[in-house]
Amino acid sequence: PRAQPAPAQPRVAPPPGGAPGAARAGGAARRGDSSTAASRVPGPEDATQAGSGPGPAEPSSEDPPPSRSPGPERASLCPAGGGPGEALSPSGGLRPNGQTKPLPALKLALEYIVPCMNKHGICVVDDFLGRETGQQIGDEVRALHDTGKFTDGQLVSQKSDSSKDIRGDKITWIEGKEPGCETIGLLMSSMDDLIRHCSGKLGNYRINGRTKAMVACYPGNGTGYVRHVDNPNGDGRCVTCIYYLNKDWDAKVSGGILRIFPEGKAQFADIEPKFDRLLFFWSDRRNPHEVQPAYATRYAITVWYFDADERARAKVKYLTGEKGVRVELKPNSVSKDV
């Protein structure tokens, strides 16, 4: 029996002029055995964390409105490479049928995700849960869509006549315990396990909570989400985690690529929204990104993880208001994060 070939991975495009040997941003590790968009900034009703919390800080007047990408050279997916921060093949031997064992969560976290994030700020894991589980998640998401649970994605600060000029997705927020969302809950628990194993090793962050899962659908009518930053104003979110559900996705035909523009680099990373692919990246201004127009139905599930210290500061800022005067809140007026 043969091990499965290493999957494709996103690579940072070389700067204009084609400098040889440009570094890859992220890579792809195989997780199972067989890139969304960040969206509306979550408010307190969307959080899963001990205690109660504020919504994000309102973008300031200095913040430029979302803008379209300047159009540097297009990045492409390439065969997996080696080394920390690059693609990591699964280990642990082969199953009798030749399938590769899933990489244990602890090993995946410490030997791949941590070095990849700390080096590049972007990390891709392919075949995260396996085909069967990924299919079950997709079935649950499509059922939510078919029963009218999705609403138009909203913006925190309205700087356009229509939010659809900026983002064209439809979303719903899921805790993971709702009837019919059990496998989505399993996905969220699996994400939590990875982050727990990374605890204390992702930059200087002390991660202690997350949002609910934002399930997003681009309906395939050519809409996307213009270039933006998830957390431009210190609302507490430090890591964006996106899971994709799109089988047999062909970006050349259907578009829908998530393009990330790492801060201070004349390079970008293109992440195709492939089935059972998990993506991590820093949520702050280091990673402006956009969802390019999608011409087929495109599903993704996004969770944001909180840094404890920044989240606490954001709560104080929210409760004291603009002038530093504490705002009195009625009982239960701020939703708990659990």
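Positions of Cβ are set from backbone N, Cα and C atoms, glycine also.
The record from Swiss-Prot ties His228, Asp230 to Fe cation, and of the options His145, His289 it ties His289 to that site too. For the pair Asp230 (Fe cation binding site) and Arg298 (2-oxoglutarate binding site), the Cα-Cα distance reads 20 Å.
The separation of His289 (Fe cation binding site) from Arg298 (2-oxoglutarate binding site), Cα to Cα, is 17 Å.
Each of the binding-site residues His228, His289, Arg298 was assessed for Cβ neighbours inside 10 Å, and the highest tally belongs to Arg298.
In the three-state DSSP scheme, His228 (Fe cation binding site) is classed as strand.
Helix, strand and coil counts under DSSP for the domain 'Fe2OG dioxygenase' (209-307) come to 4 helix, 49 strand, 46 coil.
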